[in-house]
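According to Swiss-Prot, the protein has these features:
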| type | residues | note |
| --- | --- | --- |
| DISULFID | Cys53-Cys108 | disulfide bond |
| DOMAIN | 152-215 | domain 'Ig-like C2-type 2' |
| DISULFID | Cys159-Cys208 | disulfide bond |
| DISULFID | Cys253-Cys312 | disulfide bond |
| DISULFID | Cys455-Cys536 | disulfide bond |
| DISULFID | Cys578-Cys637 | disulfide bond |
| DISULFID | Cys683-Cys732 | disulfide bond |
| TRANSMEM | 760-781 | transmembrane segment |
| TOPO_DOM | 782-1333 | topological domain 'Cytoplasmic' |
| REGION | 947-983 | region 'Disordered' |
| ACT_SITE | Asp1022 | active site, proton acceptor |
Amino acid sequence: MVSCWDTAVLPYALLGCLLLTGYGSGSKLKVPELSLKGTQHVMQAGQTLFLKCRGEAAHSWSLPTTVSQEDKRLSITPPSACGRDNRQFCSTLTLDTAQANHTGLYTCRYLPTSTSKKKKAESSIYIFVSDAGSPFIEMHTDIPKLVHMTEGRQLIIPCRVTSPNVTVTLKKFPFDTLTPDGQRITWDSRRGFIIANATYKEIGLLNCEATVNGHLYQTNYLTHRQTNTILDVQIRPPSPVRLLHGQTLVLNCTATTELNTRVQMSWNYPGKATKRASIRQRIDRSHSHNNVFHSVLKINNVESRDKGLYTCRVKSGSSFQSFNTSVHVYEKGFISVKHRKQPVQETTAGRRSYRLSMKVKAFPSPEIVWLKDGSPATLKSARYLVHGYSLIIKDVTTEDAGDYTILLGIKQSRLFKNLTATLIVNVKPQIYEKSVSSLPSPPLYPLGSRQVLTCTVYGIPRPTITWLWHPCHHNHSKERYDFCTENEESFILDPSSNLGNRIESISQRMTVIEGTNKTVSTLVVADSQTPGIYSCRAFNKIGTVERNIKFYVTDVPNGFHVSLEKMPAEGEDLKLSCVVNKFLYRDITWILLRTVNNRTMHHSISKQKMATTQDYSITLNLVIKNVSLEDSGTYACRARNIYTGEDILRKTEVLVRDSEAPHLLQNLSDYEVSISGSTTLDCQARGVPAPQITWFKNNHKIQQEPGIILGPGNSTLFIERVTEEDEGVYRCRATNQKGAVESAAYLTVQGTSDKSNLELITLTCTCVAATLFWLLLTLFIRKLKRSSSEVKTDYLSIIMDPDEVPLDEQCERLPYDASKWEFARERLKLGKSLGRGAFGKVVQASAFGIKKSPTCRTVAVKMLKEGATASEYKALMTELKILTHIGHHLNVVNLLGACTKQGGPLMVIVEYCKYGNLSNYLKSKRDLFCLNKDAALHMELKKESLEPGLEQGQKPRLDSVSSSSVTSSSFPEDRSVSDVEGDEDYSEISKQPLTMEDLISYSFQVARGMEFLSSRKCIHRDLAARNILLSENNVVKICDFGLARDIYKNPDYVRRGDTRLPLKWMAPESIFDKVYSTKSDVWSYGVLLWEIFSLGGSPYPGVQMDEDFCSRLKEGMRMRTPEYATPEIYQIMLDCWHKDPKERPRFAELVEKLGDLLQANVQQDGKDYIPLNAILTRNSSFTYSTPTFSEDLFKDGFADPHFHSGSSDDVRYVNAFKFMSLERIKTFEELSPNSTSMFEDYQLDTSTLLGSPLLKRFTWTETKPKASMKIDLRIASKSKEAGLSDLPRPSFCFSSCGHIRPVQDDESELGKESCCSPPPDYNSVVLYSSPPA
């Protein structure tokens, strides 16, 4: 069947085929007719080209290569029936706004068929688009176009034109002109210049020139002759080629030549005489600048006779090249591996790469696996790359130290080898203070002060630290300042050296900072007197680092001080002083600041004195004589900082006061005084400048003498023990430059001298007795305070410098203030036992008058068991001292008192919390949990309506809630001891529903309590829900932050070696490195959050507490989000579980975040909002949805949270904060559940005795050669994990849940029916990784 296809018109292809079928019986097809006749047509640029093709069959168009089919100006209509009886096909081509580059041959041809193949089935016309500005179709002005030529063959220079009338000249650089002669060189406006037999003369740069309307146009071409140059010959695979007997040998010889080069390729090989090889050749022309020839030699089933030298020969004309390769044929495989260097290798941290290589000889090529410390290296880090038999470590760090093993295996030969090398990563010493110091200018040290200089160094091997002293250079020239430089002569310091300042001590200690052991060197300067530079130099075999501490001593506060002697008056002298530290400032001068047109101008002050230089400072005094009012203004001392180059100003305002004549505020008046008495005369005068006051008696000037005292400024006259001679006229005179004023009075003395002496004796005795009394009282008080202050000083030093003294010794030194905490045993009535610890017990008691309360108070008493040892007594006493040190806080179980005196047991009295620990309380509330207060309120109303028996005195059934911890109310409430009253209180709280607000509140309170404990340098080390106690008014308190606990019977404590540890709550650094810090408490707080929002669920349910759990935790696996946690809460958990302790939030930050959540949950108000978890819709029941954590969920920062919700109009919201983008989180496997009771889910964490077997590693063993061996690189399967049971799902809010109306702002009543959320399912456990660092 004849196939017919038209690229332009699909619908008419079938019709064309049918028509052709009719003509195929013997009719001849006429060639297609074009609407433009002739072989060529000339049109102007910008005109529209219209061509119509009429034919007897379906046809298509062929266009010049410069015309794009996608050009919007081109339009081709598909062939359609036309002519008589519609037996012809017509198609049109329209090209709008034709351009010069549209010049070319346009062809209309029939679609190929069996009928038209033998005949001319096309019509063509050459269209010239004439453009005076573009005479050539292609312009090559900057870069000539390459034209390949072969001598003796035709060469075409394709400088085609857009008009047949353009005259073109062909020139050869530099001055030759090639003129067409009609034979050897001809011109064709459609093709260009045609050279029949090209010679070497046409090699070079040719250009075509045309002049149109007086403008010269050029297009350039570069001819290139074919050569015989062989660029390269290679054989693949490279030499040597190794094969096993019976394999196939394939050698590919590749010859690279220049274009237009032809080659002859041949082989020489051992079996050439017998033609052992088959050879095939091919040419690769895909390269634009070269030709590539291939000759492939192949020998099947190689034998020993095929080994030897194989040579590929390449020849092109007179050029010849060859390439050799050697072939080796082996009977069987082999492996040999040795150390290329030493078994223990060293490198340096910071290197861009390090190659760990082995000397391996093997055939065939073995499988290679590198292990680091027993695990695949490439899986541990992307920085590990396997290259051949080498392992390349990129960007070497200290984490790369360890044992590296290369595993080599040839499965088909059953050959296996391994070899281990140890890598030590050395670190150049690093001084951490040097990296964090960013002050532009050095600090100043007060004269005579005691200073402590520290230098924290890290390096491998451990660096040696020395302190050096560089004295300052003293310059006695007045033109230069003193300066200090580290290039001066340096001296090594020791505590006994007398260089520079007196050294109190030089000490070193090891400490763990940010998880690494660092050396802290401390230099204590006892008395800062001499300026200079202290250098801390640390060195090891890798290198040396030095930190220079410029030690500039100053006797000027802050190094810059300006003072004004006094505010001057008109006519007085203005005296200003400027003092700067001479090591920090220079170019000191006084200037006057003036404001002109809102711009501050600096005016220099003439006739300034020279600055004087002292030992530590430079002083510049400014004195202006006889000032006037115009001298008022802002005076500034300007000095240039030597290090920053910045001009520093210190300003002082000067206001020159106008002169004012003196005047008296009150005149003197006559006065009578008894003999032996005393009197005071006041003469208060004002004036500018301040007047000078002079006293006269009977016109004689009074001078100060015994019995006559002149007060400040002579304004008062005090006469002691008046005698008869003191009677007379007293006159005071106030004088300044504006004038004088005076006042006088007569002093009359009454009485006799005998009476005066008696009074004098009596007064003297009284004063002496009073003085002795106050002196004795002062000495007594100071003696009482002395011991207390000394103990307090020692105590503070212990707390503030914990690394100087061991922790147990610190606790032993802590003071115990018996006057504050001691409580009489006879006022304490012991009651029932609350629990027993490792060496103590806790009992409930009633304390009468504790904390100065006039009533009885229920408390908890911690005391030792019978037969306690001295060490146990010391431990409980240490706990008591710690509690006194920590202090009082609302969210901490507080100390109330203690009984330590002889004659009875040691007892520690703390607060009593009657509602037990938070873990059991949350478990008891699983069937009473509601999402918000509205649902909780409706739930209570529903219960009241369905439980009439309670109103008739029927006692409700309570879930059993036990507590093993000491508790008390957080509020100082005095009440009588009454168990019935306590039971009634608990009955009330047991009936109250638990809401989401309560869970957030518990989390917030615990964060506040831990923030307080961390501020008191207290690390809890066992923060869990079992150690959180619930008190009245929904207040939670942290306990057991120092109390002994019975870890031997508690299933939450797992044995590791000889120690039981709460592994589920412990941070990785605590498990593996025994490092406890506030950041490890933050990790435990994250697990506590999981307990709270799972309503008392046990962490990692169903996961066996073994070494596998620890390794998976270290690899980044985490728990899945608990049932009732919102995305914000779960994000906080992940933040707390960050692998790097430094990236975990501080408790202060957790308080802030949870405080925002709590406030938003209460007020339903905030900035940015997302749905919490309770959604009220108009047309759906009250539902609860657990957020699905996926990649999509975290993609847009919870912009579109994945909650099951209906309408979003009536949604309750909680204030949100930004989330970090999370990678896909690794999870624990989900486990099949087993049956268990709700209150026994903690028993899933049963104590697991962890032995000491190593973690599973990759090991290969060798056996006899004939034995079956294989390499198995799979990790051993994980141990079976204990499952969780299906928890019973009790009915919430009773069996039916009605629809709830949306809560509107103006509604005050809830719907008649409501529903709480279902209980959590703790059977599915998913492990999450911490967010990326």
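Glycine is treated like the rest: Cβ placed from N, Cα and C.
Feature map: Swiss-Prot annotations on the structure.
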residue : record                       : Cβ neighbours (10 Å)
Cys53   : disulfide bond               : 24
Cys159  : disulfide bond               : 29
Cys208  : disulfide bond               : 24
Cys455  : disulfide bond               : 25
Cys536  : disulfide bond               : 23
Cys578  : disulfide bond               : 26
Cys637  : disulfide bond               : 25
Cys683  : disulfide bond               : 28
Cys732  : disulfide bond               : 26
Asp1022 : active site, proton acceptor : 21
Taking DSSP three-state, what's Cys159 (disulfide bond) in: helix, strand or coil?
coil
Number of helical, extended and coil residues in the domain 'Ig-like C2-type 2' (152-215), per DSSP:
3 helix, 29 strand, 32 coil
Return the member of Cys159, Cys312, Asp1022 nearest to Cys455 (disulfide bond) in space, with distance defined Cα to Cα and candidates limited to these recorded positions.
Asp1022
On a C-alpha basis, identify the one among Cys312, Cys536, Cys683, Asp1022 that is nearest to Cys637 (disulfide bond); the candidates are the recorded positions.
Cys536
Measuring Cα to Cα, how many angstrom lie between Cys159 (disulfide bond) and Cys536 (disulfide bond)?
79
Measuring Cα to Cα, how many Å separate Cys578 (disulfide bond) from Cys536 (disulfide bond)?
35
Within the domain 'Ig-like C2-type 2' (152-215), what mean pLDDT does the predicted structure show?
91
Cβ distance under 8 Å to Cys312 (disulfide bond), same chain, sequence separation 6 or more: which residues?
Val233, Ile235, Leu251, Cys253, Ala255, Met265, Ser266, Trp267, Ser295, Ser322, Phe323, Asn324
So if I measure Cβ to Cβ from Cys108 (disulfide bond) and keep only same-chain residues at least 6 apart in sequence, which ones fall under 8 Å?
Pro32, Leu34, Leu51, Cys53, Gly55, His59, Ser60, Trp61, Ser62, Ser91, Glu122, Ser123, Ser124
Could you round the CA separation between Cys536 (disulfide bond) and Cys732 (disulfide bond) to a whole angstrom and send it over?
69
If I take the Cα of Cys208 (disulfide bond) as reference, which of the recorded positions Cys683, Cys732, Asp1022 has the closest Cα?
Asp1022
Count the other Cβ atoms sitting within 10 Å of the Cβ of Cys253 (disulfide bond), across every protein chain shown.
26
